[in-house]
Every structure is written in structure tokens, then in C-alpha cells.
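Taken straight from Swiss-Prot:
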type     : residues               : note
SIGNAL   : 1-17                   : signal peptide
DOMAIN   : 77-179                 : domain 'N-acetylmuramoyl-L-alanine amidase 1'
CARBOHYD : Asn113                 : N-linked glycosylation site
DISULFID : Cys178-Cys300          : disulfide bond
DISULFID : Cys194-Cys238          : disulfide bond
DOMAIN   : 200-325                : domain 'N-acetylmuramoyl-L-alanine amidase 2'
DISULFID : Cys214-Cys220          : disulfide bond
BINDING  : His231, Arg235, Tyr242 : peptidoglycan binding site
REGION   : 264-269                : region 'Interaction with murein'
Amino acid sequence: MGTLPWLLAFFILGLQAWDTPTIVSRKEWGARPLACRALLTLPVAYIITDQLPGMQCQQQSVCSQMLRGLQSHSVYTIGWCDVAYNFLVGDDGRVYEGVGWNIQGLHTQGYNNISLGIAFFGNKIGSSPSPAALSAAEGLISYAIQKGHLSPRYIQPLLLKEETCLDPQHPVMPRKVCPNIIKRSAWEARETHCPKMNLPAKYVIIIHTAGTSCTVSTDCQTVVRNIQSFHMDTRNFCDIGYHFLVGQDGGVYEGVGWHIQGSHTYGFNDIALGIAFIGYFVEKPPNAAALEAAQDLIQCAVVEGYLTPNYLLMGHSDVVNILSPGQALYNIISTWPHFKH
């Protein structure tokens, strides 16, 4: 499919309008309380634009009703913490607050922590957004630059999303190659010399650490360091048992990394990547930031050749008589690609 003509609008607009755009707040459109917690680091460098079909509206009351339905679908059907976008632009020419300026969206895996996601909605299927909607989006972007939310040299990647794929029931999730991985040196890992992996790995095993969770990077680094000490000093492992650990801050922490065997699952340590979510997830699953980070890491492993493309994904409890990864987390990973019970 060729690039939609309006998608290029923001490359050529002068962006001289510095007036504050009219933004319909979450309270005004009747949103449920915001449950997302992963923060954006501002200013972001990217803008991602989507168009949502099947939500036709030309009045604020109707557009608000459409957004309430979208939020319900996002939370209760897909399992996200809220709507996927930072802002949504109605064909009525109004900007509607999604998760806002400071919270990461869930619109485009690999870009959520470095971009603002803006979705157009309300226009007839097959038609471009109205001039009023494009003008509102232009004003929003100008304001974002003025207030320091968006870099003046921002990039709008051409991800070439098909309109037919933008239905919220079937979102397209383009990814960049790899997430940012917090290295061993950052969390002050002890130096070790352990056996090498047999790469590419054939399996991914999802685990939970069953201890304290963390939502701030400094806290996660402390938890990872303590896990390494426990594994080495109490359980006599060669190193921390996991290849990577994922925090509720959305961070991926290098355990033994790609090339070293883990100590997570007897019989699989040399052929499986062990990815551990930091925390206890029997009743409540990890947050969206953590789940996305893990999925990005798996995709990264395939792209970089550390994991065979026809890999199998399993929960820890599928191969060991253990609670890990917890039923709440297990219920989610059982819907992921390549899952095998």
C-alpha cells in the first residue's frame, strides 16, 4: 500500500501556529481512571500517526461515546491499561486526551517509550481526515514542540500501516529491532565465568522471580543484584539464573545475556532463553510496559540470530512443577506467538 497523502502532512506544514490547542480532557469525554504508569522521557523524538476506522462521529458527544467504547475494548478485551494513544484527533476538529503527555502509549511496540502516538478517528471509512482534524493535529504538534514534549527535529517514521489493519481489534505492532538493555555493569554484577549457550536457542521460557517487584530503575537494579547474590551464594549457581530480567519500569536487565547458559530450568539451560519478570504474578499480571519489553526482547532475539525463528515459547510451569511464572502471567503468555503448552 502507498503512503496515505495526509500522512506526509506534518513533514511539509510550517508549524507556525503556537496557539494552545483545544484539548477535550479525559474527564470531559468520560474516561475511566488512568491505570498506566510507565512514564515518557521528554522531549520524545518521534511521532506515530494512526487512523482508526469504524468510529465515525462529527460531534463531541458522539466522539466521546466512541472513545469510551474504545477504552473499554482496550482495557477489558485486549488487556491494556488504557487506550493506546497519547492523543486522538476527531473528525470534528477536536483533540481528545488519551494517556496524555507524560505516559507511554501502547500504539507501536518498539516506539512507545520514545514517541507520541496520535490517532485520527471519526471520518468515513476510505476517506482522509477532515481539514479541521489535520489543522487540530498541526496545532497539537506545534504546542508539543513549544512546551518541550516533542523535539523540534522530530521524526515521523513511515511504518506503512494498512488502514484495514488499524481496527483496534487487530492492531498492527511494528517493532524496532531491540529494546534498550540495561547492562550488567549498570547493576554492578559480579564477574563470573560460566558455560556457553548453544545458539541459536530453540525455546523461550517465561519465569517470575517470585520476590519483590520494582517500578523504578534504581530499585530494579538493586533487586537484580540481590538475586545474583542469592543465586550464587545460597543456591551455588555460577551466576544469576536468568538470561534477562524485566522490571515493571519497562526495563530489560541483562542477566547472563545471550551467550551464557542460564540456571533456570534443568534440561533446557543450554538451549532456552530464560526471561524472568521481576515480581510475583499469581493473581495480578505484570504491567503493560513490562509485557511489551519482554515481547520486544523476544523479537530482538530472533532478528539478531540468538533465537531460531521457529522457536517454542513456554511457561516455567510447563517444564517444571512450580508456580512460576504465576497464573496471571501464564494466562497472558499463552496468547503470545509460538506458545506451546
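Positions of Cβ are set from backbone N, Cα and C atoms, glycine also.
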Could you tell me the mean pLDDT over the domain 'N-acetylmuramoyl-L-alanine amidase 2' (200-325), as a whole number?
92
Lowest local Cβ density (other Cβ within 10 Å) among binding-site residues: His231, Arg235
Arg235
Tell me the Cα distance separating Tyr242 (peptidoglycan binding site) from Cys220 (disulfide bond), rounded to the nearest angstrom.
15
Entries of Asn113, Cys238, Cys300 which, being recorded positions, have CA atoms within 10 angstroms of His231 (peptidoglycan binding site):
Cys238
For the recorded positions Cys214, Tyr242, which one has its C-beta crowded by the most other C-beta atoms within 10 angstroms?
Tyr242
If you count Cβ atoms within 10 Å of each one, which of the disulfide-bonded residues Cys178, Cys220 comes out on top?
Cys220
Quick note, Arg235 (peptidoglycan binding site) and Cys300 (disulfide bond): C-alpha atoms separated, nearest Å, by 30
Do you know offhand how many angstrom separate Tyr242 (peptidoglycan binding site) and Cys194 (disulfide bond) by C-alpha?
13
Out of Asn113, Cys214, Cys238, point to the one nearest Cys300 (disulfide bond) in space (Cα versus Cα); all of them are recorded positions in the record.
Asn113
